[in-house]
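Structure first, commentary second.
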Amino acid sequence: MLSDIEIARSAKLEPVMNIAKNLSIPGDFLNSYGKFMAKISHSFLKNLNIRKGKLILVTAMTPTPAGEGKTTTSIGLSMALNKIGHRSIVTLREPSLGPVFGIKGGAAGGGYSQVLPMEDINLHFTGDIHAVGTAHNLISAVIDSHIRFGNDLDIDLTKITWPRAIDMNDRALRNIVIALGGHANGYPREDGFVITAASEIMAILCLSKDLQDLKNRVGNIVIGWSKNGKPVTVHELGIEGAIAVILKDAINPNLVQTIENTPAFIHGGPFANIAHGTNSIIATKMALGLSDYVVTESGFGSDLGAEKFFDFVSPAADLKPSVAVIVATVRAIKYHGGVPLKDLENENLEAIKKGIENLKIHIENVKKFNVPVVVALNRFATDTERELDLVVNTVEKLGTKISLNEAFAKGSEGAIDLAKKVIEVADESKFSPIYKWDSPVEEKIKILATEIYRAKDVSFSKEAITSLKQIEKAGLSNLPVIVAKTQYSISDDPSKLGAPDGYVFNVRNFKLSSGAGFIVAISGEIMLMPGLGKKPNAVNIDIDEKGNITGLF
């Protein structure tokens, strides 16, 4: 089989304006970025009936460190839906440069299930992430300038919660001291960087309905606390208008295409632990108004991205998911059955019998939201027929549809069975979130911990209790909860693979994201600034005299 980049370069792309024309998007709402990429004005959304299409959410079982192929599945499913006569659009998050140059490489699908032009999407794209980083750091700069010139807002230097941001993996920037070198440079204090995808600005961009909503949300950001314990907002700094100006183009969804010319909206890229982990609401709603089926993807497993999509994104955007596709692999099932990473290519039926309990939990979790489930079993060359049969038979006995997905190797042809099974259940959804937003914070977390993470109880640290009291005092405790925890276990401990239960779920602290509109409950150590490995993917990336890029895949 050809490499991903060889497959991508052999594809025959349609001019992006043709893709837009086929979707009936008027030229007045388009801004072309070269021949194969364009931005669609967010104002076009006002012309659409967003109830037209059905929304398909692609999630996964608890992944291995390598991931299980959600993006490839999402792209393949959308192409297959088009192949069998339905208009479909896939909506995805934008790749971050940090992982591109780090361990992961490119993030535009793979094999015969890719979004293109791959090099452009992975490297800068249309500049959205750069705009987010610039907006984020303008706030940081104004905070320290405000303090330097009198600190009229009486900001407590020890309680500034707004870090700086950069779209790169750089562990040396996690914890730093700024403003060294004398009084002219400001007041020295501890600070740090997060990767841009973890910025609250990114979450706001993906949750905003329009520029005015974005401006209001930015103004509501709490950047820290005053010496008398009151929240200090961006609105008090007076720069929400400037931030909106920086993001005026970034708020517009990006239009590209798959390897088979299926339309793809790629817009925004918030983390699925510290934030909600799905592409922009504007892109999803626009796609719903232009197609029969919209395929969108949530980050990590169903305990993280899907739960947040159901409990937070859907109510916030008035979305009604029709189907959830849970991506599973034989290797991930064996991994949760106790098989080391180095041995995952070896047949092991006993490990599958044990590890499939993890998949069962994810199926049960999604069904608690009254959304029908289809399992997409991504097929790998090392999977044996006995292993595949065991997984299929076990899932079918649960009363859940399952499809062998071969979109990576066969494109849309490899996902037609999956598409048909999704359509079969698409009218059965009776979607409902699992908790009410106006419930107490502790109650919301206990529901998630016991129902989704399978804990027996919840423990709050002293720091968490203090932080929550501060949030309650500010009158912001009625916001929904985003739980930041490990993606490698349904529990709060990454070493607990499979189907752990009966444990105490620990909440270490709370973080207020009032601009985005949620409270983050932090469990365990959450890495917001990754580091590069000993041999990062950057050493594989190169460009020749003709401009051909190598090493992204």
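Counting begins at 1 with the first residue displayed.
Backbone N, Cα and C define each Cβ position, glycine as well.
The following features are taken from Swiss-Prot:
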BINDING   THR64, PRO65, ALA66, GLY67, GLU68, GLY69, LYS70, THR71  ATP binding site
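Listed in chain order, the extra residues whose Cβ falls within 8 Å of the Cβ center of the ATP site residues THR64, PRO65, ALA66, GLY67, GLU68, GLY69, LYS70, THR71 are ALA60, PRO63, VAL327, THR329, ALA332. Taking the binding-site residues PRO65, GLY67, GLY69 in turn and counting surrounding C-beta atoms within 10 angstroms, the largest count is reached at GLY69.
Least packed by the Cβ count within 10 Å, out of the binding-site residues LYS70, THR71, is THR71. Long-range neighbours of THR64 (ATP binding site) (same chain, six or more residues apart, CB within less than 8 Å of its CB): THR329, ARG331, ALA332, TYR335, LEU341, LEU344. Annotation for ALA66 (ATP binding site): no same-chain Cβ neighbours under 8 Å separated by at least 6 residues are found.
In the shown protein chains, 24 other C-beta atoms lie within 10 A of the C-beta of GLU68 (ATP binding site).
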